[in-house]
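> Below you'll find the structure I mean.
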Amino acid sequence: MMAGCGETDHSINMLPTNRKANESCSNTAPSLTVPECAICLQTCVHPVSLPCKHVFCYLCVKGASWLGKRCALCRQEIPEDFLDRPTLLSPELKAASRGNGEYAWYYEGRNGWWQYDERTSRELEDAFSKGKKSTEMLIAGFLYVADLENMVQYRRNEHGRRRKIKRDIIDIPKKGVAGLRLDCDANTVNLARESSADGADSVPAQSGASVQSSSVRPLTSVDGQLTSPATPSPDVGTSLEDSFAHLQLGGDSIAERSHRGEGEEEHESPSSGRVPAPDTSIEETESDASSDSEDVSALVAQHSLTQQRLLVPNPSQTVSDRSVAAGGIVSVRSRRPDGQCTVTEV
């Protein structure tokens, strides 16, 4: 009984100790379990969580988004507004902006200065304390050169684009840390990020009419006149009719002669406005008609041929009139004994 009570008392006395141990573990867990970045293979600086729940450094995610806009592990797409509104795992931004020492390193931005992240600041301070003229920094997957004599930074493979840097006290007004704004709660508009991985400012997207609607079809120019593609130009229609007139010239003349009768002269009325054909054409037509009238069998055959030619439509305004008026071309019609017509141009 005593042993049992002693064991029971011992187990009871151990409970607070275990509870205290659990409490101490829970309190020290955030400081011990610092997430590691799978991109830079170091402990995360300003860790952020993507929608896929993978954790990286903010600058590492920024560099990866410029290259592929996908998660480095699962290849899930990174949202467009993630860099403007990242999901920080710990509210350490303002504490990081205060720093641990008296001085901090800054790089130039629009209307203000950005503070370097802690890791890059340590590298710059170490190079500055050793009296180096320059040092290289790996930021968001890009190699940058910090010129400590001229106090500028630039990409190692792009010397033309330079940004001023400075070493100043920790309490100066600043925009944020490594591209993370201190006023994250402020209302921000959708911004078009420029191609800068070191925490550069964003450029507002131009809301002008730079993108035109592609639903409106452009106007086409025909003979110096703007016309819609759906509306044919009258000049184009006239030229098509003129070219088509040469093909139907023989058929229209045959239909007109069938109305007048065989052997009748083809003098046109003044209202038609057609240029009369040369005398050679009339003489050939009359001689052929007289020879056909002497042969009765030929007349019967010609009459049947005329009945077939009556089926050819005769428009209200013959296209031959427009062809003669527009081009000034006089065609000579002649009829062969076999009833076929030929068209020759003079």
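Positions of Cβ are set from backbone N, Cα and C atoms, glycine also.
Below, the features straight out of Swiss-Prot:
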- 37-75: zinc finger (ZN_FING)
- 91-167: domain 'WWE' (DOMAIN)
- 202-216: compositional bias 'Low complexity' (COMPBIAS)
- 281-295: compositional bias 'Acidic residues' (COMPBIAS)
> Can you count helix, strand and coil residues in the domain 'WWE' (91-167) using DSSP?
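So the counts come to 18 helix, 37 strand, 22 coil.
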> With DSSP, how much of the zinc finger (37-75) is helix, how much strand and how much coil, in residues?
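Output for the zinc finger (37-75) reads 10 helix, 8 strand, 21 coil.
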